[in-house]
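Swiss-Prot annotations:
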MOD_RES   Met1  N-acetylmethionine
BINDING   Cys17, Cys20, Cys39, Cys42  Zn(2+) 1 binding site
ZN_FING   17-42  zinc finger
ZN_FING   82-124  zinc finger
BINDING   Cys86, Cys89, Cys114, Cys119  Zn(2+) 2 binding site
Amino acid sequence: MEPDGTYEPGIVGIRFCQECNNMLYPKEDKENRILLYACRNCDYQQEADNSCIYVNKITHEVDELTQIIADVSQDPTLPRTEDHPCQKCGHKEAVFFQSHSARAEDAMRLYYVCTAPHCGHRWTE
């Protein structure tokens with residue numbers, strides 16, 4: 001919550017009743033078609049400054065993304081190497097890419113995917 005009582009866009013915080021300090025819950029005013037926050041213990045309600053009541057941010061780890069993108073080994077834009085053979089099938093060629101992870105320890109980690117059609121093994125070094 002900002003000092004002026006408003007909320008940062010995209011941030012959905014817990015709001016509390018100004019009269020009895022209980023939690024406020026989202027409620028629709030069907031007649032005026034607006035979102036309200038209402039107390040379930042007293043009659044206090046306030047108009048919502050934002051129509052968003054829930055934010056679900058999904059972040060994927062690089063390991064998950066290589067599983068989701070099955071064709072990563074066929075991507076012509078990814079660099080290829082023969083210096084890191086597949087540990088699973090022995091195939092010499094692999095595509096590689098750098099992690100875009102927000103974690104500092106993963107900042108320079110390279111991920112490899114075997115280009116053999118029957119394999120698709122993923123690893124990092």
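Residue positions begin at 1 at the first shown residue.
A Cβ is built for glycine as well, from the same backbone N, Cα and C atoms used for every other residue.
Feature map: Swiss-Prot annotations on the structure.
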| residue | record | Cβ contacts under 8 Å, 6 or more apart |
| --- | --- | --- |
| Cys17 | Zn(2+) 1 binding site | Met23, Leu24, Cys39, Asn41, Cys42, Tyr44 |
| Cys20 | Zn(2+) 1 binding site | Cys39, Asn41, Cys42, Tyr44 |
| Cys86 | Zn(2+) 2 binding site | Lys92, Ala94, Cys114, Ala116, Cys119, His121, Trp123 |
| Cys89 | Zn(2+) 2 binding site | Cys114, Ala116, His118, Cys119, His121 |
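Each of the binding-site residues Cys39, Cys42, Cys114, Cys119 was assessed for Cβ neighbours inside 10 Å, and the highest tally belongs to Cys114.
In the zinc finger (82-124), helix, strand and coil residues by DSSP number 3 helix, 13 strand, 27 coil. According to DSSP, Cys20 (Zn(2+) 1 binding site) is assigned to coil rather than to any helix or strand.
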